[in-house]
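Notes follow once the structure below has been shown.
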Amino acid sequence: MFNVVLVEPEIPPNTGNVIRLCANTGARLHLIEPLGFPLDDAKMRRAGLDYHEYAQMRVHRDWDAFVAAEAPDPARMFAFTTRGSGRFHDRAFEPGDWFVFGAETRGLAPALVDRFAPEQRVRLPMRPGNRSLNLSNTVAVVVFEAWRQAGFEGGA
């Protein structure tokens, strides 16, 4: 299935929503520290309801530890950023792909975005003049589009 990577998430309910999304779609969740909250935060647990036990989640101390532990294929990693030049719906996603998202208030650090090839820097369309979409909403749109492309494999 797909991999969701949240780099330094800050808002507990967003991460809770993503946990629930991953449990319901079979996506694996990777959290890159530092986190803006403790993992037992009540707001995060409430947003994720009782789905925590069904989600596959790993926590990594930083980006380099994540890359060392998971060894993702750079060609199958996609950085979702408002500074991306490619549109997500023009991509052909494959099971096993890695979808990387930044912190709610600042997105992905420019130095991290620079590690991705330009064609791997992707954005969702928005109306002009808006800054960004909510993190958990963006993750849901991306995961469901990728899962749709995979024929909703494993879904009921």
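Glycine too: its Cβ is placed from the backbone N, Cα and C atoms.
According to Swiss-Prot, the features are:
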- Gly102, Leu124, Ser132: S-adenosyl-L-methionine binding site (BINDING)
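What Swiss-Prot annotates, mapped onto the structure for a quick look.
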residue : record                               : DSSP class
Gly102  : S-adenosyl-L-methionine binding site : coil
Leu124  : S-adenosyl-L-methionine binding site : coil
Ser132  : S-adenosyl-L-methionine binding site : coil
Between any two of Gly102, Leu124, Ser132, the residues recorded as binding S-adenosyl-L-methionine, what is the biggest Cα to Cα distance in Å?
14
Please list residues from the chain of Ser132 (S-adenosyl-L-methionine binding site) whose Cβ is under 8 angstroms from its Cβ, counting only those at least six apart in sequence.
Thr82, Gly107, Met126, Thr138
Who sits close to Gly102 (S-adenosyl-L-methionine binding site): which same-chain residues at least 6 apart have their Cβ under 8 Å from its Cβ?
Val7, Glu8, Phe80, Thr81, Leu108, Ala109, Leu112
Given a separation of at least six residues and a C-beta threshold under 8 Å, show me what packs close to Leu124 (S-adenosyl-L-methionine binding site) in the same chain.
Phe80, Arg87, Phe88, Leu133, Thr138, Val141, Val142
